[in-house]
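What follows is a short report on a single structure.
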């Protein structure tokens, strides 16, 4: 088996940006349906099946830099973490977790705008991503763009701690079976699809919490928002376990298919940039 070359920081940055934008634009309607299913106002009141591309403007702006930040940090951490080969899954978990925190600094503001656009939270006043962003700034200041940052990180770290070690393990096993490294893009895509689907289904309750927090437009200077534990308890007691897994099917399908495209396009872009 040939030795595997690692992409440089810039190659990871560029490939990650291409991969992230491809997925977010391709699967945006499924993400909209998932968000509306998780909204406390109900699927129909949040917009149903109409206007499924509302909020796509924020994704166009934030997707590439968010994904670029993730992959450049992930590949860098894999290189610099001083861990032996037998602890590779732990290395991948730590690298992915650090990368998610870096990506969330860019991703959360666009997520806040996107979720509020998808569910028509601002009604006629927020008919564009720019208008919604202006309302966030006016009503909540700069801190408003980071509402839900904590729960987003709490969702992403378990998600990536499941997805990326599983993804790397599946790639390793497939490489050994085929006696070839690196894998072709479609082979990496299949590994990414399985890993993403498993991680998505298991972390859906955290995604529901994230959506509810981001859609809460109350002014924190006048009213204290409930803790995550209280939100979780309230959803469970008033809406049942089913509500905690609202949107699990579109989320799993979206991330499973999205994982295939995301990681497949990333591997394809990296190999193209490296001349493999």
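Here the Cβ of each residue, glycine as well, is placed from N, Cα and C on the backbone.
Per TrEMBL, these features apply:
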type	residues	note
REPEAT	7-80	repeat 'Solcar'
REPEAT	87-173	repeat 'Solcar'
REPEAT	183-272	repeat 'Solcar'
DSSP assigns the residues of the repeat 'Solcar' (7-80) as 58 helix, 0 strand, 16 coil
State the mean pLDDT for the repeat 'Solcar' (183-272). 89
So how many of the residues in the repeat 'Solcar' (183-272) end up helix, strand or coil by DSSP? 70 helix, 0 strand, 20 coil
Can you break down the repeat 'Solcar' (87-173) into helix, strand and coil residue counts using DSSP? 78 helix, 0 strand, 9 coil
